[in-house]
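Before any comments, here is the structure.
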Amino acid sequence: MAKVISQDTFDDVVKENVVEFSMTPSEAKEETIKQFEAQGINLANIIKDLSVNPQTGQPVINETVDKIKEHIGQKLEETTELLEQLATLDAECKKSLAHRVLAGKNGAHDALITLLEETLSAESPNESVLKKSLEAINSLTHKQPDLFDAEAMAVVLKLLALKVESEEVTLLTLQWLQKACIMHEMNRQNIMNTSALKLMKPLLGKGKDRLVRELTAVFRFLVLDDDIRVEFGCAHEHARQIAGEVLITLVELLPAYQDPNVLADLLLTIGTLAVRQELCTAIDEAGGLKSVFEIMSSNLDEVRLNREALKLLRALAGQDSVKSHIVQQGVAPIIKQLLETHQSNENIVAAALACVTTLTLRVQEHSAAFFDTGIAEVIVEALRAHPKHKIVQRNGAWAIRNMVSRSRNQCETWISFGVEDLLNMAMKEHPSVEQDIKAALRDLGCSVHLREEWTGTAEKKIAA
């Protein structure tokens, strides 16, 4: 079994090489690695690329954390040195997860929290110190959500309630919350159990592009379900609670923005929060459908924006009356136009076909509305353009099946465009979606071999 050493032991030898033998940091590290490897020691657990102070031989990250701790409680008006130390810690933490773990072990998180608390307790908080501290704690918390604790949450609430001239402090606070949410269900639940949501709601408004994007990201991250350590998460309940506070506000913000990125984030967030039928109805009643159609029509060339719009429409169509309103208000020509404009983009094509699938499911009138736009030929051409893309072929088969299953009068038109050969080729190319394609061929009235997947064997023969 290979021998191992601690990071401190490795760092002490590097320091000795720098101080005692006047080596440069890079020479000292090389020599240390050779020494330990010659002794048969496994260095897999050691951070070998730590920045080292050439004067003291100490790792920069350790020295920086110690210097920040020294500043706490001194209440010095001169903050230049402190800001430099915070910038150094930020830069070191950005290098790798190993650097962040080491900083955390050396007490960087507690030091930054104490520094933030001390700064916030002042009569007029120093915004520069707040910004640099938040930048450092953002870098430190990245992929380390376990560091976020009750003290950190208390600081976040103070920061959200703080009236500052620059919105930079608020943006950094929201980014910190996002990092605390990723892959950590308990953090999400703890955040939802505080007044954070009520403090964030007033921040939503017109002309706040960056703020709206960061806020919507926090709302989405609060409804993640990505923590394998927790058997059951509260994603649905969180979505319901957040929707109750901000859903209508988000819908009302849609006409206020022109930036495609802001609009895409708003649409994505609305779709993420629309987890119940009554919420879908509320979005419809607030004029959400009209806004979405206007956004799609005036931004036909925007890939991400239209993909999110299609996903949102598909989510809203889960409520039958809203599904009817979507089709009645004229979505079919818009989706056809999108398919024509972005026929080479497999992501838009897949999203558009999935949307057609949902909107035409079990409703003959909806199928007719799409068919009358001439979308059949466009769908066939889209399938022809992406023969290797399994999701496009599967979604196309779904869309065709739903359109013709209650409208057999369409079959002849579909077949005249050569869809049968395309589907048969897709079935050979993508065996995993064979059943989906066979369902489309069956409802088109084409020849299809339906194989019996499983046959039982009876102990006694059943008479014919």
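Any Cβ shown, glycine's included, is placed from N, Cα and C.
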- Among Thr9, Thr194, Thr281, find the residue to which Swiss-Prot assigns the annotation phosphothreonine. Thr9
- Message: What residues elsewhere in the chain lie close to the repeat 'ARM 2' (287-331), defined as a C-beta under 8 angstroms and at least 6 residues from its ends?
- Response: 251-252, 254-255, 260-261, 263-264, 267-268, 270-271, 274, 277, 280-281, 337-338, 341-342, 345, 347-348, 351-352, 354-355, 358-359, 363, 365-366, 369-370
- Query: Which residues, given as numbers and ranges, are at least 6 beyond the ends of the repeat 'ARM 3' (332-374) yet have a Cβ under 8 Å from it?
  - Reply: 293, 296-297, 300-301, 303, 306-307, 310-311, 313-314, 317-318, 323-324, 326, 381-382, 385-386, 389, 391-392, 395-396, 398-399, 402-404, 406-407, 410, 413
- Message: Using a Cβ cut-off under 8 Å, which residues of the same chain at least 6 positions beyond either end of the repeat 'ARM 1' (235-275) come close to it?
- Response: 188-189, 192, 197-198, 200-201, 204-207, 209, 212-213, 216-217, 219-220, 222-225, 282-283, 286-288, 291-292, 294-295, 299, 302, 304-305, 308-309, 311-312, 315-316
- Task: Return one of helix, strand or coil for Thr9 (phosphothreonine), based on DSSP.
- Result: helix
- Note on the structure: Students should find that the Cβ of Thr9 (phosphothreonine) has, within 10 Å, a number of other Cβ atoms equal to 14
- Task: Over the repeat 'ARM 4' (375-418), work out the mean pLDDT and round it to an integer.
- Result: 97
